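Q: So Swiss-Prot lists these for the protein:
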| type | residues | note |
| --- | --- | --- |
| BINDING | Arg80, Leu118, Glu170 | substrate binding site |
Amino acid sequence: MSYESPQAAAVAWLPYSQLATDIDQPTLDWLFDEGSLTRRLTRLSIDHFSVTPLFEGWQPLRDDECQALGIAAGAEGWVREVYLRGHGQPWVFARSVASRSALERGGLDLETLGSRSLGELLFCDQAFIRHPLEVCTYPQAWLPSEAAHAALWGRRSRFERNGLDLLVAEVFLPALWQAAKEENR
């Protein structure tokens, strides 16, 4: 599936300290967990975790992504969109982006990840520094049509290693909340 993610006006990505809405504690725990989401999903799924690539390729990055990466608006970058699945169900929609120039400088080949988790790579390489998490109500227009629901929580953070910046956004889909609720029973 190849498509360009449309721009959405005025998306407010906020750190924990600036959230002005009441969010229940289990949701906050997922949104601001600084550990590996891949590992947490693997535990929740009792090792029935998988990654399904949806799109990988070069395209102009969204304005909010360019701003977060500190690059010019409309810059081209590598975009990777996947579903993180538990028991075959899409639990998380993830979009990872990096500018072309950063990838050329940073020596990381995202094109060869395939169905492997980017999170495994980021959390196994101690040289990557994770910047603070930010959250938003993720725009429905940015989601694949089969996952397009209103008012889904998304989070993102920037990972940095020797001049290579990657921006990773993760959107928590309804099936994840159901699985997490069942685990807590």
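Cβ coordinates come from backbone N, Cα and C, glycine included.
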Q: Taking the mean position of the Cβ atoms of Arg80, Leu118, Glu170 as the substrate site, which residues outside that list, in the same chain, have a Cβ no more than 8 Å away, listed in sequence order?
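A: In sequence order, the nearby non-listed residues are Glu81, Val82, Ala94, Arg95, Ser96, Ser117, Gly119, Val168, Ala169.
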Q: Is it possible to get the count of other C-beta atoms within 10 angstroms of the C-beta of Leu118 (substrate binding site)?
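A: Other Cβ atoms within 10 Å of Leu118 (substrate binding site): 20.
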